[in-house]
Structure formats: C-alpha cells, structure tokens
Amino acid sequence: MWLPWVVFAVLVGLRLSDPFNTTAAGMQLCGFELLALGYHVRAATRRGLTRAQRRPFWLIAAALAMLVAGGIGFSIVFTTGDKSWGPPMVVAIVARTSIVPILLAALLSFGAEPMNRRARWKLVMDVTTVLGAGLMLMWYLVLGPALSGGHLFDPLRLGSVLFSVGDVVLLVGVGTVMLRGAVAAARRPLTLLLAGTLGYLAVDTAFLYMSIRDVGPDAVIPTLLLGPVFLILLASVQRPAGTATAAARQLRGQSRLPYVALASGYGLLILAAARAGLYPWLGLVAGALLMTLGVAARQILASRENYTLVVTDSLTGLANRLQLRTDLAAAADRHRRTGRPLAVLLIDLDGFKEVNDTYGHEVGDQLLVAFADVLRRCVRDTDVPARLGGDEFAVVLPSVSGAQDATHVAERILAACHEPLVLSGHTVRLRASIGVAVAEDPADGDPADLLHRADLAMYAAKRHPTQHWVRYSPEVADARSDTFAAELAAAAERGQLRVLYQPIVDLLTGDLVAVEALVRWQHPTRGLLGPDAFIPLAERSGDIHGIGAWVLREACRQVGAWQADLPADRSLHLSVNLSPLQLERPELAGSVLEILDATGFDPHGLVVEITESALVDDRSAVPHLEALRARGVRVALDDFGTGYSSLRYLTQLPVDILKLDRCFVAELNGDPARAAVAEAVIRLSQILRMDTVAEGIEDAAQATELTLLGYRTAQGYHFARPQPAAEIERLLHQPTAV
C-alpha cells in the first residue's frame with residue numbers, strides 16, 4: 001500500500017522542480033498510469049473474488065491502457081507539432097474516445113439495489129438535471145467555440161467535440177451512480193473511483209478548453225492528471241466483499257448533487273449574461289435564478305421536515321426506534337473498526353401505567369417529556385438518547401473508555417430521577433430500571449445482541465430489590481434462561497400456554513370484525529407472562545416454531561367454531577403473528593396450510609402479521625408469503641410507520657394490510673400536525689389499494705379522529721383488552737357494539 005504514495009510524492013516533487021518540461025511530464029504520467037494499470041490487474045486476479053467483483057477492475061485497467069495510448073499519441077503530436085490526421089493523432093483520438101464507454105461500464109458494474117418505478121423516475125429527473133448542467137458547461141467552454149469557428153474536421157477541433165460529448169456522457173454516468181447509491185461492499189472503491197473520474201473530467205475539460213483556443217496544452221495537463229490517476233489507483237487496493245444484494249448505502253452528498261448541478265448551471269448563465277451586457281439577459285437570468293432558488297429551498301425544507309418526522313419521536317423530540325437502530329449500527333461499525341468500547345442503556349419507567357391511569361394521559365405525556373429532558377441533561381452530545389415507544393427509552397453511547405463510563409451514565413440518570421416533578425398540579429416521582437450492555441471486544445458488537453443484552457439486564461434490574469441498574473453479564477442471562485428455557489420447552493405439553501384474543505372492530509358500526517390471537521404463558525410460579533417475557537428466549541432456543549404452530553392451530557380451531565355459529569351475513573377474521581425466525585423456514589407455507597386443512601379453517605379468513613423490518617431485511621420470506629396469498633391468506637405489515645426502509649419496497653412486497661403503529665395513534669389530539677403520519681398512511685394505503693388497521697386506540701377521541709381520517713378498522717384498550725375465548729364469545733353474541 002505504501003508504494004503508490006511514495007511514487008506519487010516523488011512525481012509531484014519532480015513536477016514542482018521542473019514544471020515546464022512537457023516531455024518529462026508526459027513520460028512521468030505515462031509511467032504512473034502503467035503502475036495504476038498493474039495494480040488494477042493485480043486486483044482483478046486476487047483470490048476469493050467472484051466474476052462480478054473482478055469485472056470493475058478489469059474495465060478500469062482497460063480504461064487506463066487507453067489513457068496511456070492516448071497520452072502517448074498526444075505527446076507525439078504536440079512534441080512534433082504535426083497536428084494533421086497522422087497515425088499518432090488517430091491513435092490519440094480513438095484511444096481517448098474509447099475511455100468513456102469503458103470507464104462508464106466500470107462505474108455501472110458496481111452493484112446497486114433494485115429500484116421501484118417511482119424511484120427510477122426520480123433518478124431519471126435528477127440525472128437529467130446533471131445532464132443539463134454538463135451540457136451547459138461543455139457548450140460554453142468547448143462545444144460552442146468548436147462548432148462555431150473553423151473547420152469541423154480539423155483533427156483537434158473534431159477531437160474536442162468528441163471528447164466533450166464523451167465527458168458529458170461520463171458525467172451523467174457518475175451522476176447516475178452517485179444518485180442511485182452503492183452496495184455496502186463496493187462503497188469504498190467506488191467512492192475513490194468516482195472522485196478520480198470527476199478529477200479526470202475536470203482536467204480533460206481544461207485540456208479541451210486550451211486545445212480549442214490553441215493555447216497549449218503544456219506540462220500543466222499531465223501534472224494535473226497525476227491526482228485523478230492516483231485516486232483511481234487507490235481504488236484497486238480496496239477489496240470488495242459481500243454480494244450485490246447487500247443493503248444499499250448512500251454515497252456522501254449524493255442527495256445534493258442535483259442542486260449543485262442547478263447552481264452550476266445558473267452560475268454559468270450569470271457569467272455569460274454579464275459578459276453579454278446588463279440588458280436584457282443579466283436581469284432576466286437573475287430573476288429566474290431567484291425563483292428557482294426559492295423552489296429548491298422549499299423542496300429541501302420539505303424533505304428535511306419529512307425525514308425528521310420519520311426519525312424523531314414527535315412527543316419528546318428524541319430519536320425514535322428507527323433512528324436508534326441506524327445510529328447503533330453506525331456505532332457498531334466504528335467499534336469493529338477502531339476497537340473502542342460501545343455501550344447501550346435500555347430504560348423502562350417503573351409505575352408509568354399507574355401515573356397514566358391515575359392522572360390521565362396528559363400527565364403521562366408530560367412525564368415522558370420530562371424524562372426525555374432528564375436524558376438530554378445526563379448524556380454527552382455524541383450520545384444518542386431515544387424513545388422506543390410507550391415508557392421505554394434507550395441511550396447509545398458510541399464511545400466509552402469502558403464499562404465504568406456506561407454505569408456512571410446510568411447512575412446520573414437515576415440520580416436525576418430522584419427529584420419530584422409537578423405536572424398539572426400533581427407531584428410525580430420518576431422511577432426507572434436501567435439495563436446496561438457494553439461491547440469491549442470488536443467481535444462482540446452486533447447491534448441486535450447488544451439491545452437484547454441490555455433488555456435482559458433491564459429486567460434483572462426490575463427484579464432487584466435495591467439496585468435500579470444492572471450491567472449485563474453471562475450470569476444475568478444464565479439466571480434467567482437455564483431453568484426458564486427448560487420450562488418453556490415443556491409449556492405447551494403441560495397445557496400452560498394460553499391464547500387471548502383482542503377484538504378488531506369496525507370504527508363506523510362498532511361491530512367485532514376480527515380478532516388478533518396473542519399467546520400468554522401461565523407460568524406455575526410467575527403467573528401469567530406476556531410475550532416479551534418469553535418470546536425472545538423462544539426465538540433463541542428454536543421453540544418459537546412449535547409455539548407458533550400451536551397458537552395457529554388453537555386459534556384456527558377456536559375462531560372456526562365461532563364462525564360456524566355466526567349468521568351467514570357476518571364474518572370474523574383471525575390475525576396471527578409470525579416471528580421473523582418463522583419466516584426464515586422454507587416449510588413455513590406448507591406448515592400453515594397443513595394446519596388450515598387439519599382444522600378446516602377457511603384461508604380467506606386468516607391474516608398473518610409480520611413486522612416490516614423482518615420482511616425488508618430478509619427478502620427470502622417473500623416466496624413463502626406469496627404461496628400463502630395464493631391460497632387466500634392475507635398478509636399484514638405490523639407496527640407500520642416505525643421503519644423507513646420499507647417505504648421504498650412497499651409496492652414490491654406481498655402485503656394486503658397496513659397496521660398503523662400505536663405510537664402514531666398516541667399522538668392524535670385534534671392537531672392536524674400530530675395526525676400527519678396517520679393521515680399519510682391511510683392515503684398511501686388507498687393509493688396502493690390496501691386495507692388498514694389502527695393499533696393502540698385508548699380513548700373515544702382517538703377513535704373519532706381516526707374515523708374522520710378514513711380508517712375503517714381499529715383495535716386497542718378503548719374497545720377491549722386481550723380477552724380469553726369465553727369473553728370473546730360473549731361479545732360476539734351481545735346485541736350492542738363493542
């Protein structure tokens with residue numbers, strides 16, 4: 001890796017010591033280009049690369065070979081002074097023209113995520129903006145003078161036209177790659193290649209500008225080309241990894257590219273207008289520029305507002321679950337590269353439900369806002385405090401010296417909670433339980449594992465009689481999982497699992513139209529346990545597959561019996577949740593259909609609920625879900641709105657129903673701004689012809705507002721909590737609505 005740097009430094013020194021020697025400059029550049037070519041050939045022949053991963057390096061090597069040939073040809077032309085159609089001129093023009101398609105193919109051979117139709121149209125419009133700016137620049141500097149004066153078939157003049165058109169095409173290619181993004185594995189080599197290509201375009205434009213005006217070129221051009229060639233050389237030592245299906249990552253600044261192109265184009269217009277005279281063009285161009293800037297600024301502000309809405313918790317102003325995952329993933333990546341410890345705190349407010357029930361939701365919201373302020377005061381600017389939903393918070397500490405730093409933050413938060421709060425005339429005390437997870441080994445920083453460890457530690461803190469924070473250790477997991485796992489494995493056989501049903505009602509009529517099956521564990525010593533207490537363990541142990549099949553079988557049997565007793569004009573659907581691990585099994589569709597056949601349950605009455613992150617992260621589940629849909633089973637995207645990436649895939653995924661997450665329902669208070677996401681989801685579902693269900697309805701005002709927004713079905717404690725089968729049967733036969 002050191003050799004390119006040494007050679008580059010030596011060449012720069014030589015050029016500074018003898019800046020006007022054109023022959024020496026050309027020879028030195030040619031040698032450096034051959035070195036870069038060799039590095040790319042070596043990169044293309046490395047072991048362990050697929051054919052697709054080798055292709056860019058072979059193409060770049062070919063482009064460098066053409067650059068060498070063109071440089072030699074032009075060196076001969078300008079050294080001898082023979083600018084006619086001789087062999088050196090022909091070789092130079094053909095070689096330099098060939099660089100464009102080869103380098104363009106190299107850029108486009110790096111993998112990128114597939115795009116839906118809307119994204120493709122957006123890309124076309126953005127690239128068109130870049131094309132317009134490139135054409136304006138080339139027309140003003142090269143094409144206009146070349147076409148308006150002299151004989152077009154003069155070698156240098158025709159070459160200038162061909163090269164400038166090629167440069168515009170190459171600029172469009174660079175813009176396309178920057179705007180569409182790159183797969184994670186290709187990001188570093190592609191970034192260097194793009195930078196080198198842009199440098200080459202800038203130097204080539206200067207070369208063409210000088211050639212068309214017959215003021216050179218001299219030793220300046222080969223000297224300037226050393227930089228772009230060096231960047232292209234460095235791209236060869238960046239080893240790609242992974243496949244083209246890796247998650248797409250944006251290249252830095254790519255979203256600003258159309259605005260940069262727009263500003264460049266208008267800057268050129270103003271320059272040309274100023275040279276042409278003040279009247280009439282300068283004033284007209286300035287006015288057009290102001291109007292365009294106003295529209296562009298408005299678009300930028302709207303884009304930022306939309307992004308803020310997606311990644312921020314609107315009640316507290318903290319990061320939401322999506323932003324936390326993004327920042328935690330970035331911190332974990334830095335941890336793996338630098339080895340600096342990383343920590344996560346998971347925080348649960350104790351007694352929050354009692355505050356809500358006693359003083360009302362307004363005081364509960366004020367308590368959440370107050371605790372968010374506590375978090376901001378107790379963490380550093382580099383830390384990321386977030387609200388995950390309800391009364392659960394988290395803090396990512398991306399850089400700590402060790403576990404002691406993380407525990408000190410937990411102690412500061414707990415100390416700040418001791419101060420009583422006066423909310424709407426009520427004195428309330430904050431109480432919290434904190435789980436601390438620290439990753440000190442670079443190989444031990446998986447974001448999902450860190451959150452899980454912090455979760456285990458938090459529940460250990462809840463059980464501790466005096467200490468309100470607990471740092472994760474293997475003993476914490478062992479204490480909870482050894483006996484617990486054995487008991488869970490036998491829970492179904494021992495008849496300890498229960499299925500509760502939460503009604504889903506028609507908002508207009510109040511009729512019960514569906515039920516969601518929810519599993520509970522009647523533990524012999526711990527009482528009735530919710531899914532959060534044992535589903536993570538079931539997923540780790542593999543028991544989730546047996547539990548999921550048992551729940552589906554029991555729910556189909558029970559709901560099928562209810563359906564048989566209902567009048568012919570009334571239907572009742574069943575919703576069942578699928579774990580992300582269940583989605584990974586190839587036999588998923590066959591297992592579900594087998595249970596439907598065994599119980600006689602109509603597939604058209606079943607809805608399987610999946611989380612959007614599970615479906616977007618693992619696209620292998622799509623064929624399983626398509627097989628279920630082919631038999632009439634519908635698919636619902638649960639907790640919709642808490643993830644961002646699924647929006648770009650929504651039209652491609654096998655989804656029939658969007659379930660609006662409860663965190664957006666909780667924000668409804670009659671204020672149109674607080675209802676923005678809920679309204680956006682219902683409009684989106686109408687356009688895509690999907691059904692919607694709103695979750696977490698806790699009062700009549702929320703139900704009314706959702707009805708006015710256009711929602712037809714909903715569920716939540718306002719209608720009914722999860723109920724045993726006997727209570728649902730009573731609701732089905734009562735004459736009044738839920």
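Just so you know, glycine gets a Cβ as well, placed from its N, Cα and C.
If you check TrEMBL, you get these features:
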- 340-474: domain 'GGDEF' (DOMAIN)
- 481-736: domain 'EAL' (DOMAIN)
- 25-45: transmembrane segment (TRANSMEM)
- 57-78: transmembrane segment (TRANSMEM)
- 90-111: transmembrane segment (TRANSMEM)
- 123-142: transmembrane segment (TRANSMEM)
- 162-183: transmembrane segment (TRANSMEM)
- 190-213: transmembrane segment (TRANSMEM)
- 219-237: transmembrane segment (TRANSMEM)
- 257-274: transmembrane segment (TRANSMEM)
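Between the transmembrane segment (219-237) and the transmembrane segment (257-274), fewer than three CB pairs separated by 6 or more residues in sequence fall under 8 Å, so the two stretches do not touch. Mean model confidence of the domain 'EAL' (481-736) amounts to 87 (pLDDT, 0 to 100 scale).
A contact between the transmembrane segment (257-274) and the transmembrane segment (162-183) is present, since 3 or more of their C-beta pairs, 6 or more residues apart, lie under 8 Å. Comparing 25-45, 90-111, 190-213 for CB pairs under 8 angstroms to the transmembrane segment (123-142), the maximum falls on 190-213. Only residues 6 or more beyond the boundaries of the transmembrane segment (90-111), in the same chain, are considered here, and those with a CB under 8 A from a CB of the stretch are 52, 55-56, 59-60, 62-63, 66-67, 69-70, 72-74, 76-77, 155, 158-159, 162-163, 166-167, 169-170, 173-174, 176-177, 182-183, 185-186, 189-190, 193-194, 197, 243-246. The stretch with the most CB contacts under 8 Å to the transmembrane segment (25-45), chosen from 57-78, 162-183, 190-213, is 57-78.
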